[in-house]
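Heads up, the thing below is written out as structure tokens.
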Amino acid sequence: LCYGASSPALSDRSRFPTLFRTHPSATVHNPTRIKLMQKFGWSRVAILQQAEEVFISTVEDLETRCKDAGIEIVTRQSFLSDPTDAVRNLRRQDARIIVGLFYVVAARRVLCEMYKQQLYGRAYVWFFIGWYEDNWYEVNLKNENISCTKEQMKIAAEGHLTTEALMWNQNNQKTISGMSSEDFRKRLNAALIEEGYDINHNRYPEGYQEAPLAYDAVWSVALAFNKTMQRLTEQNSGKNLKDFTYTDKEIANAIYAAMNSTQFLGVSGVVAFSSQGDRIALTQIEQMIDGQYYKLGYYDTQADNLTWFDKEKWDGEKVPQDRTIVRRVLRTVSLPLFICMSTISSFGILVAVTLIVFNIWHRHRRVIQSSHPVCNTIMLFGVIICLVSVILLGIDGQFITAENYPKVCQARAWILSTGFTLAYGAMFSKVWRVHRFTTKTKTDPKKKVEPWKLYTMVSGLLAVDLVILLTWQMQDPLQRRLETFPLEDPISSKDDVKIRPELEHCESHNNSVWLGVIYGFKGLILVFGLFLAYETRSIKVKQINDSRYVGMSIYNVVVLCLITAPVAMVIASQQDASFAFVALAVIFCCFLSMLLIFVPKVIEVLRHPKDKVESKFSNDTGISKEDEERYQKLISENDDLQKLIAQ
């Protein structure tokens, strides 16, 4: 029978068939730890252990109990003598509730490393073993080369929990010895003072807490022997306890049976043994508050009864969390930015609608008729659609649900693409016809611009667009994809919270392929349009009187598109910058195109409000027969003059 051994390995009856102990097994703490975890709602814990047999077997038992209770063990770190790396790993694993199993010398090293790694305070809870001395974290610091001061050790130790089997009877009852536990304590302290121990300043000898266990162990032996002697007498076997030898199985069994059934009230509490020879005991729970241990309650494992005093105290006035709470926060376009861009776009739409009305109202005026009013109207419709897409680009998770986001994605692709085709296609077709007209004018000077060819070209470009978009939507539709960013600290929060920013993107499985097709098609038209605009830069054709302004608009669109597309892809993760950049590019293109093409016409109409209106049924070129004859006459005179000059 022993009074100081707590290793769970000693409970193995196959290895130690006749061992009893008044010291509870180290595993007696585990049900209490599980009970506390459940009480405070902790389901994620870490274990830090010293590589000693007693702690290894305790941890194995704890792991089994945690698994049964549905508690996750996030990491299990062990060390021999230096806990530095093990404690550092706990920080890397974001361990918050940590069960520490080590002897007191190692505990001081762990506590110092805790302070250095800042694994203490309101975000952390440590479980220590309760049989250390009350001032364990302040003593022997220099002797053991602990690099932390007493104040630092005290700061790190604040708030930790301890579990320990009760070593003293909690009631002031008379025990089997005739003494109460308090009487025993006084006698023990008096004896220690005689031996020279300064117990008035908490200078107790090592093993002081096990004194009542040792005392009750002697009583256990005495009672077991008495019971054995009585049984041997009753059996009339002629044997006496004094006849015992180490090969005498009969007397050994009698002693074992007597010890197994022993039960009495000792100075350490009720003494009784389990079938494994372990002491059955209550567990006491304490917490260090302001440098002192305060009893929080008791736990009776057998009855599963937790007696709680509600005296626990947490830094931050709330129970610490067992993990960092990660809050997912959707990054959305800034509301003021969205309102600003939407307002500008809405104004642009209003301007475009006004210009459409102006264009239709004055369609018989020479200045309007010579610029192909239907083409201009198509361009303005394209501008309106593009400006609507600006509003769609800013609509995200703050306005719609995740389920509806793919619909907005599809709408963005369709509207922006078709709007661009209508607006740019109308300008492109004009420049194309100017180029064709000027190249054929030498052979056919009276060649007229046929409007249906302009409309056919726009329709063709639109048809290609629709085929690509329809195939894209049917084969590989755009979906909502979330881009996640590294964890961030909240701006102001007392909670142990991290922010996980997320950003919505419109993407399909083969997104790059489809974007390549769209950009390739649009890029080809842009480059070709740029070439045509350059070729016709100095040509002024009366049949299409705004060709130079159209060319300037094309320059503007091409330059902005070539800049915007790649930059938008690079800054896609910055929602405000990306939205502002694309929105401003679209708005600038639309406004500048309307400005270049329509402002001269508006000025002309305002200057000459009573200008002769052409007949509804005049030919599309807007050139009268008299003008044509005068034009030919001037060409003839010009040729004659050139010949005279040459002579």
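The backbone N, Cα and C atoms fix where each Cβ goes, and this holds for glycine too.
Remember, it's a predicted structure, so these values are computed and weren't measured experimentally.
Looking at 213-232, 413-432, the range annotated in TrEMBL as transmembrane segment turns out to be 413-432. Spatially, the transmembrane segment (452-472) is not adjacent to the transmembrane segment (335-361); fewer than three Cβ-Cβ distances between them are under 8 Å for residues at least 6 apart in sequence. With a threshold of 8 Å between CB atoms, the same-chain residues lying at least 6 positions outside the transmembrane segment (335-361) that come near it are 368, 373, 376-377, 380-381, 383-384, 387-388, 390-391, 394, 398, 576, 579-580, 583-584, 587, 590-591, 594, 598, 602, 605.
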